[in-house]
């Protein structure tokens, strides 16, 4: 009897244990289902790779974001001092992030471009709400659909009015140049017969902070193989620029191009600027340069946007309307072989590279002096892969003169030994001026390249385009006329002591700014709505 009771007790305990295990298992399954349901609900409207917040707000809430992945939710926290910018999808300085109160990126209504049955008559396309508008109104920079959807799907893959792929039978020199992958040599010359062109450019104001640096680099002793002085291109912004120095730089045969009047430090301004905004900034800057640096030969034809923020179709529409020849803002991701410049009649031969960039999608009668990213590795055979960098001073791993010298040699070889696409070395002067070791390495490298090669030319952006339009072999290029203009410039500057004009402007309240020029002082400091400084807005 005792044994029977014990057996019953054991059986009851076993049943209870089994029931408890079933209950726990069921609870675990329910918890998993709830978690899966929560995760599914959370991720249903998120794009692939999109980061978002669970809780909005300042402080740690603005540092924490999560992402939906195939293996579940993934979380990151920005380092101390940084917040996560939901629109840019990256960590940024606290003061620069204005969207802590938002959990997600703004959701935009997409147009109904591809449907099983046509929704609209020929020549028309459907907005997100089903209403039809003319095809040409899509992606024109103005919201013509009531829900704004005509401007919400405007990348190179989706713009209904996008430029066609390269057609070499239609796109022919001297007016048009394209290739499917961007690596083809103009004129189908063999690489060994192509002169290796190097473009040195400097961005921002020309003034007493950097004039001596430029004189040291371009000292009249460094000559191209045709006997002409090496040349550079300067993308000049307005504030603090010494226009007598710009005038002298141009007299010496260097190229002057525009980099805006205000150099507006809000990057999104450039991404979203209207055609009129771009015209005021860039065409206005050209007016200022031509007037106060007394440049009268219509040679100011190039544009580079501040912070390399491409302005999409609006920027390039402005350039066509204002008769600019080329842009040098678009960056191509690091590739071997590198890309040649191309015209914008046909679609770009590379992806739109950069964080939240707004690349043009339509056909434009403008050249693109594409900025090939540089390989920042000193020794590509041993070093781990690193993403490329467009401006030399953004290649943050260059810490010594020797590293810089090796970096220059490696990138030169990448271009020279492959398709000889022009090598662009893009600087802000302060990087060289504040690092004498880098400057010494740079000058040593230039001298070494010139002494070891009879087919390497340091030329301006416009001179590169002139060669592409009329390709010449290394033997022929020594007498190439466009490269002999202002070959060696002697003589005196336009003025030894420029006018120093202390000026104000209603547009720059509270500031008195010094304008140095060889021409007469204006009434006001020239600015966006008054580029001549006459006081007429």
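Note: Cβ is positioned from N, Cα and C throughout, glycine not excepted.
According to TrEMBL, the features are:
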type     : residues : note
SIGNAL   : 1-20     : signal peptide
DOMAIN   : 40-102   : domain 'Chitin-binding type-2'
DISULFID : 120-132  : disulfide bond
DISULFID : 127-145  : disulfide bond
DISULFID : 139-154  : disulfide bond
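Residue 127 (disulfide bond) sits 10 Å from residue 120 (disulfide bond), taking the C-alpha atoms as the reference points.
In terms of C-alpha distance, the listed disulfide-bonded residues 120, 139, 154 place 139 closest to residue 145 (disulfide bond). Across the range of the domain 'Chitin-binding type-2' (40-102), the DSSP-based residue counts are 11 helix, 22 strand, 30 coil.
Its Cβ placed at the centre, residue 120 (disulfide bond) has 17 other Cβ atoms within 10 Å. The 10 Å shell around the Cβ of residue 145 (disulfide bond) contains 21 further Cβ atoms across the protein chains shown. Taking only the Cα positions, the spacing between residue 120 (disulfide bond) and residue 139 (disulfide bond) is 18 angstrom.
Other Cβ atoms within 10 Å of the Cβ of residue 132 (disulfide bond) number 16 in total over all chains. Each residue contributes its Cα atom, and for residue 139 (disulfide bond) and residue 132 (disulfide bond) these two points are 14 Å apart. Around the Cβ of residue 154 (disulfide bond), a 10 Å sphere holds 22 further Cβ atoms from the protein chains shown.
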